[in-house]
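K.L.:
Let me begin by handing over the structure; questions about it come next.
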Amino acid sequence: MGEVILSMTNIHKAFGPVRALRSAALELQRGEIHALAGENGAGKSTLMHIIDGILQPDGGEILLDGKPVRISSPNAANRLGIGFVHQEIALCPEISVAENMYMSETGQSRSWFMNYRDLEKRAATVLREIGDIDPTHRAGDLSISQQQIVEIAKALTLDCRILILDEPTAALTETEAQTLFKIMRRLAARGIAIIYISHRMAEIFEHCDRITVMRDGCHIRTENIADISPEEVVNSMVGRVLDKLYPPKLADDEKSNEVILSVRGLNEGKRVFDVDFDLRRGEILGFAGLIGAGRSEIARAVCRLEGKPKGEVVLRGRSLKLRDYRDSIREGIVYLSEDRKGDGLFLNMSIATNVSALDIGRISNGMGFIQRRKEMKRADELGRRLKLRANSVGDAVSTLSGGNQQKVALAKMLSVEPEVIFLDEPTRGVDVGAKAEIHRQIRELARQGVGVVVISSELPELIGVSDRVLVVREGRITGEVEGDDMTEEKIMQLASITIMQNAAEA
């Protein structure tokens with residue numbers, strides 16, 4: 001057994017009548033990578049916020065190096081050597097990468113001038129270990145994945161003894177994720193203890209040493225990774241034997257040959273080039289490719305969400321004249337954004353208001369006034385259909401777990417009864433139970449005749465849920481796989497062939 005650096009026992013925390021933690025516990029050893037698993041709402045975030053000093057426990061004991069400690073604030077946590085990389089990006093967009101990484105120094109400097117050249121040099125040294133990002137760039141100009149890398153680099157600038165990583169690979173490419181895992185191992189070899197929160201079982205079992213499972217605010221079990229299986233972890237998380245993560249696919253004789261959506265010659269600026277594809281009625285079509293390959297850009301161009309794309313979009317044999325996204329919605333083609341909190345949901349508004357946002361006409365009277373009873377009823381119907389967990393559809397979306405927020409975003413799309421729906425990273429940051437439910441709903445939509453396009457960075461998910469997968473690279477569709485050919489190896493091979501072809505042509 002390794003040296004215990006942090007011990008938390010019998011931790012309790014309540015918010016009014018809601019008991020978020022009940023006898024929670026965690027033991028962290030020096031130099032280990034310790035996974036923390038549980039469904040959204042299990043209490044993981046509350047427990048981590050107590051370690052980070054954001055919240056104070058109502059009861060229980062916290063020992064650091066065997067001594068009782070009270071972590072009164074995030075600054076106190078930093079002084080104790082505790083760093084936290086949150087799932088949601090919290091960079092200041094208007095200043096440089098280097099200034100974000102060393103914000104505490106720039107804010108506390110007593111001199112009139114900061115040595116920004118030195119700051120940038122130090123930032124570049126840290127960033128070289130993670131990703132090739134210019135420390136002088138404005139943070140707001142970076143992609144989501146690049147901003148996530150900066151968040152991780154920012155935490156590494158602290159003299160950490162304990163590092164908390166909350167879904168750190170959610171927006172990273174496979175290459176970036178593998179780089180992060182190497183850095184985690186180097187940090188662990190230096191004696192830093194890492195708490196790794198993720199819903200991705202493959203990552204947990206490949207890179208973590210031990211795992212603690214939480215459910216309903218309680219500690220369920222802590223095991224060595226070698227002594228437990230992914231199935232046992234999932235069953236401990238949900239408190240039951242979970243049905244298959246992916247619902248059965250359609251048999252060949254159940255598939256339709258009717259093309260519901262046909263896209264030809266789609267071009268948009270310098271991001272989408274000569275894209276052609278067909279989507280059949282009741283089909284789930286996957287878009288595979290690395291982050292930045294152009295998968296989202298293709299979907300957004302079809303829906304007229306940005307730029308001025310050229311090309312033909314044909315729905316059920318009828319060529320559409322789409323000027324903007326409102327036209328797309330009216331025609332029954334909708335897009336669920338990968339950034340549900342940025343442009344998918346109104347967090348401070350009610351569930352009902354969010355669900356009805358795309359279809360105000362359905363719940364308005366003849367004079368244009370919203371009929372709240374209709375709004376609530378419609379939201380309640382869709383909430384039950386998606387097994388939304390909330391006290392009331394009048395609750396603010398911000399009070400929900402990540403998985404339930406995603407269900408609200410999906411309900412918002414379903415409210416317009418679409419014929420085609422693009423789902424961009426539909427299960428990102430969602431726990432395994434909610435993931436299985438979303439997969440079931442996607443298949444149910446397809447069975448009702450809706451054409452579904454799923455964009456996901458998780459190849460197992462794409463393969464598990466899709467009937468057919470298109471490979472996208474540099475804004476172009478470069479390959480197609482289905483049936484027995486739909487394997488991770490084949491998809492990656494297609495991407496590699498494209499890379500080699502591009503190199504040869506250059």
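Keep in mind that glycine also has a Cβ here, set from the backbone N, Cα and C atoms.
Taken from Swiss-Prot, the feature domain 'ABC transporter 1' covers 6-241, and the record attributes it to sequence analysis. Swiss-Prot lists Gly38, Glu39, Asn40, Gly41, Ala42, Gly43, Lys44, Ser45 with the feature ATP binding site, giving sequence analysis as the kind of evidence. Annotated domain 'ABC transporter 2' per Swiss-Prot: 254-499, in sequence order, evidence recorded as sequence analysis.
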K.L.:
Around the recorded ATP site, report the further residues of that chain (criterion: Cβ within 8 Å of the mean position of the Cβ atoms of Gly38, Glu39, Asn40, Gly41, Ala42, Gly43, Lys44, Ser45; site residues excluded), sequence-ordered.
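P.N.:
Output for this site, in sequence order: Met214, Arg215, Ser401, Asp431.
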K.L.:
Please give me the CB contact count at 10 A for Gly41 (ATP binding site), counting all chains in the structure.
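P.N.:
For Gly41 (ATP binding site), the count of other Cβ atoms within 10 Å is 22.
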K.L.:
Check Lys44 (ATP binding site) against DSSP and tell me helix, strand or coil, would you?
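P.N.:
Looking at the DSSP assignment, Lys44 (ATP binding site) belongs to a helix.
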